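Engineer: Sharing a structure, written as structure tokens. Questions coming.
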């Protein structure tokens, strides 16, 4: 502003008439020039954006050099790349696919095509496998930084549902077990607790919505699942917190109201446990997998898409293996096309981005947290 | 050539604030210059009807439903009958609206254009472009300012902001700063214990004054972070903080946590008359604001002879010359460093703060503001020729992209509709409908309440004063109207 005096290194015809530019440049002229016409021949002091000194310019003078010189357009623009965008979209695809799998399982259970126990057993086996992977990754991370186990335990890991033991209170320094094993023990304890609580709650959940018609339940659960997909926290990264609680809660609530339509306590128990695994624990595992191994992530995505599209097609047509295969082919193609179209759409919309920043924006204070 | 001017804004006394006092000072100075000025605002609790202030300044308090922070409910048309009546009664020629958050001002400008009057708008604040509230306000501003004769902004930054927000031709926007009544902000006189040439010894206590509402956008967080560090590095320094707000509790916590009760004095809210008495107790004025269109308070502080430390945001860098200020980035570290520099400069005796008052007095005066505003009125009403007013601004190096045809906005409905139509795909059509309805309403009112049946108000009997006396008396007359920081525009 004050410092940005445009240097005039070119000679203008006016220079011939006023040799004493430097002199004028130092001392501010005392009187305001009367009218622009009279002084247009003389060389002027360059216009400055200051208010404390009355410059010999009219009030509505607009200087070409300095007007809007601090304007910034799209200062932090990162042009999207097609394939990286496609890779990012897989996170969304994974979540939508897992919700679809949940719906298919519910329909299958409700229509008595599949035993609820087999569904929940499969899911539990997968969860235990996932937890083993998780545990392996965490212990590897500990090996990388053996000197600071405390900070790694308390800060860096997401405080996950299946591993509440990452809070320091669970780690007893007096214990004979290693911190890792204590954490594992605490996890097992809390898993057992959830299991038992759910077992006790199932009869209550079963009669929860007896006075409500099924139509309302279908509508309600549809909206809740939509909320679950919309509010889900798709951001990745190691420091990510719990999945947005509104998303998890709406997912669990949807499963609760759906479970109350099922015939027996076992059904209710199985579906609720399944929903906890798929809405509560699975997202944490997916997030970790995204940071640990991209190949694993893409393999998981393909697996989920295969199961989801096949399951949806079988449910819709109530067909057999053939329907499954057709569904997988059709669903896979459709998913890929949708991903491509959405990515292209976002990329082509980016050229309309017009973010304006300037000195009028409220500054962001930078404060050191001590 | 004297004009009949109506200042319209939602914000006026009894509410304290920067816009309010701007309107009052400008109006009284314009009256001193021989114009007739009335003010139209909405009814405040305990203040309704028509009032007269000092010097025959007439204030109309129009009954209106207030929704939020003294802003009236936007009804677009309901103000028209009353407005028309006032305009005809007072024979108004120029309608001058203030503050972009004031709904009354936007309505008045629309109706005034329908009635064929010249309009001016003064913008006092900065807006971003990102959040929902700003987007809405900007669209509304675009509507009103599509058909306005001239716009006045309080700083160059504010001008850039307004030009972008309302898509204006920069030549129709003038920069006329705020001013201060320097007489009300005198440094400590000799009788009060001040000295002619204050010199600070190496062990004298330096007092840093902060007077601000304690809000986030006033940078209170920066202040809270910086105070303990400043006090830790400089032994003979103490703080006086005046003002209140939601961040006051954080400030108190900071003081208690660091046990600084002896070195930080919290005064709580002070009235505007008392601001000067607080300021003169200090040597440095610290202003950590995060956004500011003009920042009158730093001019007031400099006028009191304080060395100013402020953040380089908004219009602040334009306001005071470098020898009166120490600039900081809006960062904790830099604010601490800048305050340190300011303390060192003061201790070394490198700044002559005793001269500040007279310098500020020459920089800013309301008389000058009124003169420059008058030139705007001359330009839009045709007293100054179009070439002189608009093309005069296009001296060498000036804005050339707009060399098209800025100038006298004509009143034909079809031309006005053309201007509104360009506001946006949907908004343009909506605005056109509004303008047409407004015009029909005008025709309806002309038939149902003809001009001939509206009484003409008598003007305030003015004493004849000569110009020379005039200019002498203006600055020395103390203004009696209180002024405080408002929640809106400072």
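Note that Cβ sites are derived from N, Cα and C of the backbone, with glycine treated the same way.
Among the features that TrEMBL reports, region 'Disordered' is placed at A:1-43. For A:82-110, A:116-138, A:183-205, A:217-234, A:268-285, A:297-316, A:322-346, the entry in TrEMBL reads transmembrane segment.
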Engineer: Which stretch, A:82-110, A:116-138, A:183-205, A:268-285, A:322-346, tops the Cβ pairs under 8 Å count with the transmembrane segment (A:297-316)?
Structural biologist: A:82-110
Engineer: Counting a contact as 3 or more Cβ pairs under 8 Å, with residues at least 6 apart in sequence, do the transmembrane segment (A:183-205) and the transmembrane segment (A:268-285) touch?
Structural biologist: yes
Engineer: Apart from its near flanks, which chain residues at least 6 from the ends of the transmembrane segment (A:268-285) lie with a Cβ under 8 angstroms of it?
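Structural biologist: Residues 95, 98, 101-102, 105-106, 109, 116-117, 119-120, 123-124, 126-127, 130-131, 133-134, 158, 160-162, 194-195, 198-199, 201-203, 205-206, 228, 232, 242-243, 248, 251-252, 254-256, 258-260, 262.
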Engineer: Report the listed stretch (A:82-110, A:116-138, A:217-234) having the maximum count of Cβ pairs within less than 8 Å of the transmembrane segment (A:322-346).
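Structural biologist: Answer, by Cβ pair count: A:82-110.
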Engineer: Mind checking which residues reach the transmembrane segment (A:116-138)? Cβ under 8 Å, same chain, six or more beyond either end.
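Structural biologist: Distant contacts of the transmembrane segment (A:116-138): 105, 108-109, 157, 160, 162-163, 180, 184, 187, 262, 266-267, 269-271, 273-274, 277-278, 281-282, 284-285, 288-289, 292.
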